[in-house]
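To start, the structure itself, in structure tokens.
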Amino acid sequence: MSADDDGAMSRPMAAEMLAGRKRNCPFVMVALQNITMVKIAVPSVKLPTGAEMPLLGLGTWQGTSEELQSALRIALDAGYRLIDTAKCYENESDIGVVLHEYISSGKIKREELFVTTKLWCTHNRPDEVENEIKESLKRLQLDYVDLYLVHMPVAFNNDMSEQLGDVKVEDTWRGMEGVFEKGLAKAIGVSNFNIEQIERIQKVAKVPIHNVQVEAYLYFPQFELQEVCNKHNITFTAYAPVGSPGRFNFKLAKFEEAPSPFENETVKKLSEKYGKTPAQILLRHLVQRNISVIPKSTNEKRLKENFDILEFELAEEEVKELNDVKHRQRLFHQEFLAGHPEDPFKTERVAA
């Protein structure tokens with residue numbers, strides 16, 4: 001399994017996660033004790049707040065228990081400073097153990113880290129946001145997170161048995177502004193929102209959106225959304241940055257009309273030219289578009305390879321060639337959001 005973060009889930013699956021039942025296929029981290037790395041300075045992008053967000057981070061979706069803790073220690077030792085998690089990943093406590101260990105021992109200063117977590121859609125009502133981030137902070141053993149995201153624009157009741165059609169994205173954003181103003185989150189943003197929803201928030205926001213996190217990879221490059229983000233000075237993060245080759249436990253579309261991004265002829269050509277893996281080419285492409293990427297690492301080799309994308313650069317014409325790849329395919333349709341007024345992909349569902 002290679003690089004990716006967030007993914008699609010069915011409504012029953014999402015409910016199961018909130019009920020605390022573990023998945024059939026746990027996140028597997030191999031032993032990384034023998035890894036040797038040279039620390040590399042990670043380039044960053046400046047948030048509207050003035051804070052610097054690394055362009056390369058560690059995704060932790062489906063990462064749990066001691067295996068994740070072991071991998072996170074290796075990642076921090078290697079130079080990773082951006083850690084991306086979420087309440088619904090059910091691993092904030094495991095991450096908190098390692099972060100506390102490194103901060104309390106003096107190995108890493110808190111201000112050197114950039115920790116992102118997310119508000120789950122069972123608590124999108126504005127009066128629930130503050131308590132939710134406080135619970136996440138307890139699990140993470142932190143006083144604040146560097147970035148807090150609304151994970152989904154659709155609101156559910158607390159046991160996820162019912163959609164709440166009267167909760168709008170503007171309502172949730174008021175709660176997000178509150179935790180920002182209290183210093184519980186140093187920056188706030190949204191995930192899996194569409195352009196129209198982002199524009200609506202920007203029109204009424206006291207605190208504008210600082211970051212947007214969405215699916216973005218070779219076959220779903222999100223050019224239009226990134227253009228809107230640039231217009232509003234919103235930074236951009238990609239999950240599933242290489243096309244989610246390691247996805248499991250849920251049904252997703254196959255690459256029926258085009259080969260896997262790893263098998264794309266342009267990617268293969270550049271991989272051979274630079275002596276890099278296809279995944280490295282795909283990640284480097286996004287970074288050169290000024291997009292933060294949060295690949296997962298499941299073994300020492302891939303962890304190192306992810307960092308190696310900082311050691312080479314694609315030519316401008318090569319970035320354009322990758323941009324010009326014509327096939328378009330969203331992988332994560334988030335079907336459990338369908339039917340809600342704030343379903344971000346309802347237009348695509350109708351077109352399909």
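If you go along the chain as it appears here, the first residue is 1 and each next one adds 1.
Every residue, even glycine, has its Cβ placed from backbone N, Cα and C.
Unlike curated records, TrEMBL annotations are generated automatically.
Annotated in TrEMBL:
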type	residues	note
DOMAIN	56-325	domain 'NADP-dependent oxidoreductase'
ACT_SITE	Tyr89	active site, proton donor
SITE	Lys118	site 'Lowers pKa of active site Tyr'
BINDING	His151	substrate binding site
| Residue with minimal Cβ packing [other Cβ atoms within 10 Å] among the recorded positions Lys118, His151 | His151
| 10 Å Cβ neighbour count around Tyr89 (active site, proton donor)? | 25
| remark: DSSP output for Tyr89 (active site, proton donor) maps to helix
| query | How many Å lie between the Cα of the residue listed as 'active site, proton donor' and the Cα of Lys118 (site 'Lowers pKa of active site Tyr')? | reply | 9
| said: Helix, strand or coil by DSSP: which one applies to His151 (substrate binding site)? | reply: coil
| remark: One should report the C-alpha separation between Lys118 (site 'Lowers pKa of active site Tyr') and His151 (substrate binding site), rounded to whole angstrom, as 5
